[in-house]
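These come from TrEMBL:
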| type | residues | note |
| --- | --- | --- |
| BINDING | GLY453, GLN454, THR455, GLY456, SER457, GLY458, LYS459, THR460 | ATP binding site |
| DOMAIN | 1-109 | domain 'Calponin-homology (CH)' |
| DOMAIN | 369-530 | domain 'Kinesin motor' |
Amino acid sequence: MDQGASKSLAKEPSEEEFCLALRNGLILCNVLNKVNPGAIPKIVENPVIPVQSTEGPAQSAIQYFENMRNFLVAVKDMQLLTFEASDVEKGGSMNKVVDCILCLKGYYEWKKAGGIGVWRYGGTVKITALPKGSPPSLVGSESADDSLDGSESSQYEQLLEFLHLSNEVAIEESKTANALAFLFDRFGLWLLQAYLRESNEIEEFPLNAMVIDTLISKIVKDFSALLVSQGTQLGQFLKKILKTDFNSLSKSDFMEAISLYLGQRTSLASNDFFKFCICGGKREVIHQTVNHSTAYAQLIHLHQRELKEIKLDFQETKLGVKQIHSNWAEQLRRLEHHIKGLEVASSSYHKVLEENRMLYNQVQDLKGTIRVYCRVRPFLQGQTNGQSTVDYIGENGNIMIVNPLKQGKDARKVFSFNKVFGQNVSQEQIYIDTQPLIRSVLDGFNVCIFAYGQTGSGKTYTMSGPDMTTEQTWGVNYRALRDLFQISKERSDFIRYEVGVQMIEIYNEQVRDLLVMDGSNRRYPFPFSF
Ligand SMILES: Nc1ncnc2c1ncn2[C@@H]1O[C@H](COP(=O)(O)OP(=O)(O)OP(=O)(O)O)[C@@H](O)[C@H]1O
C-alpha cells in the first residue's frame with residue numbers, strides 16, 4: 001500500500017484530513033483487499049499529490065475515480081453496506097462512509113472467527129458526535145445536535161483502530177512484497193539461466209511466447225516452492241522458540257533469535273540455491289549434491305593442497321632456472337673476458353712468432369749462407385783390406401788426408417769444412433745440421449742442398465738413402481719433405497703452402513731430370529709441371 005496514503009491518515013484526523021485520506025480510495029481498497037483478498041485486483045498506487053498542489057486535483061481525480069469505483073463495486077458485490085462516491089466529497093454524508101467501514105470491520109471479524117453461518121450486518125450505525133478533540137464535522141448531519149453516548153464513542157474508536165491496523169498490515173504486506181520482488185530480481189536471472197541450461201540438451205529449443213510463459217511459470221512455481229519450504233522450516237524453528245521461551249521472550253529477543261537463525265542459514269541457503277540453479281530446480285539432484293558435499297569438499301581440499309604444492313614446486317623451479325641463468329651469464333662473461341685475453345695473446349703471439357722467425361733466419365745467415373759438409377764413406381764390402389786415406393777428423397771441421405804415395409810434409413794434407421762426418425755417422429745425424437734450413441724455406445728463404453763427389457762416393461746414399469721403405473735409413477730429401485709437410489700442416493690455420501718437388505743431376509755439365517719415369521733421358525731445360 002502506498003505509504004503516502006497511510007501517512008495521510010493521522011492518529012486523530014480532522015474531518016478534512018479524514019476525507020482527504022479516504023477520497024483517493026487507496027486506503028479503502030487496501031482495507032477491502034485485506035478483508036477479502038483479491039476483491040480489487042488492481043489498485044492505482046500513483047504517489048499521492050497533495051490536493052493543494054497545482055497538479056493535485058487532476059491526479060487525485062484519477063485515483064479517486066479508479067480506486068473509489070472499484071471499491072464501491074466490490075463492496076456492493078459483497079453485499080455490504082455501501083455509499084455514494086460523492087459522500088466523501090465536501091458536504092457529503094460521512095455517516096454512510098463510516099457505516100460502510102464498520103460493516104467491513106464486522107465482516108472481517110466474522111470471517112476471522114471462522115465465518116460460521118451467514119454473514120449479516122446488525123444495522124446502520126449512527127455517529128452523532130465524535131470523541132473529545134475529534135472534528136465535529138465527522139458527525140452525521142441528521143444527528144448533529146445529539147450528544148455523544150459511550151457506545152457511539154467506542155464505535156468511532158474501533159473504526160479508527162481498524163483503519164490504522166489495516167494500514168499497518170498493508171505496509172507490512174508491501175514490505176514483504178518488496179522483499180520478494182527483490183529476491184526474485186536478485187535470483188531470477190540465475191534461475192532462468194539454470195532452466196535454459198537444462199533445456200540446452202534439446203536442439204533448437206523453440207522460445208516462443210507459450211514456451212516462455214511455461215518456463216517463467218515453472219520457475220516461479222519452483223521458486224515459490226523453495227520459499228515455502230524455507231518458510232516452513234523457519235516456522236518450525238519459531239514454534240520451537242515459542243514453546244520454550246514463550247513467557248519470557250521479548251519482541252527484540254524474538255527478532256534476534258530469528259536473525260541468528262537466518263544468518264546461520266544464509267550460507268547454506270545460498271549454497272542450496274546456487275545448486276538449485278545449477279540443477280535446474282531438480283530437487284533430487286540437489287539432495288544428491290548436498291549428500292556428496294562432504295566428499296566433494298574433501299576432494300576440493302585435496303586438489304587445493306596439490307595445487308599449492310605444485311605452485312611451490314613451480315616457484316622453486318623458477319628460482320632454480322633463474323639461478324642457472326645467472327650462473328650461465330656469469331660464465332659467459334668470464335668466457336668472453338678469457339677470449340678477449342686470448343685474442344690479445346694471439347695477436348702478441350703472432351708478433352713474437354714473426355720476430356722469432358726473423359731472428360732465426362738471421363742466425364742461419366750468420367752461420368753462413370753457404371755451408372760445406374764432408375761425409376766419409378766407409379769401405380764397401382770387399383774393400384775391408386784397403387787402407388783408409390783419412391788420417392784424422394777434427395772437431396772443428398778439419399780432416400787430415402794421408403797420401404801414401406808421397407813422403408814427408410806433402411804426405412798429409414788438412415782440409416777445412418763446416419763440419420766433417422765420420423764413416424759411422426747415421427743418416428739422422430747428417431740431417432740434424434740441414435734441418436734448420438728447411439724451416440727457412442717455409443719462411444720465404446731460398447735454400448739449395450746438393451751433394452757433390454766422385455762416382456760411388458755416396459751422394460745418392462746421403463740424399464735419398466739405401467732403403468726408402470725404412471724411415472731410419474731415409475736420406476736428406478725424404479726427411480726434408482717430411483718436415484716441410486709437417487710444418488705447413490702446423491701453420492695451415494693462417495698460411496697455405498704449395499709444395500713442389502724437382503730432382504736433377506748435373507753430370508759432365510749436363511742437367512738431367514731424375515724424376516722422369518718413362519726411361520727417357522730428359523735434359524735441361526725442361527718445363528715445370530706445377
Ligand atoms: N755412408 C755410407 N755407408 C755405407 N755405405 C755407403 C755409404 N755411402 C755410400 N755407400 C755405398 O757406396 C755405394 C756407392 O754409393 P752411391 O751410389 O751413393 O755413390 P754415388 O756417389 O751416388 O755414385 P754415382 O755418382 O755413380 O751415382 C753404394 O753401394 C752405397 O750403398
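Residue positions begin at 1 at the first shown residue.
Cβ atoms are placed via backbone N, Cα and C, with glycine included.
Predicted automatically and left uncurated, TrEMBL annotations should be read as such.
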Problem set entry | Residues near LYS459 (ATP binding site) in space but at least six apart in sequence (CB under 8 A) | ALA451, TYR452, GLY453
Exercise. Can you list the residues of the same chain, besides GLY453, GLN454, THR455, GLY456, SER457, GLY458, LYS459, THR460, whose Cβ falls within 8 Å of the ATP site's Cβ centroid?
Worked result: ARG377, ALA451, TYR461
Seminar exercise, completed: With neighbours defined as other CB atoms within 10 A, the best-packed of the binding-site residues THR455, THR460 is THR460
For this session: Just the binding-site residues from GLN454, GLY456, SER457, THR460 whose C-beta lies under 6 Å from any atom of ligand 1, please, or none if there are none.
Result: GLY456, SER457, THR460
Seminar exercise, completed: Same-chain residues at least 6 apart in sequence with Cβ under 8 Å of the Cβ of SER457 (ATP binding site), in sequence order, are ARG377
Problem set entry | Site of maximum Cβ density within 10 Å, from binding-site residues GLY453, GLY456, GLY458 | GLY458
For this session: Using a 10 Å cut-off, grab the number of neighbouring Cβ atoms around the Cβ of GLN454 (ATP binding site), all chains included.
Result: 7
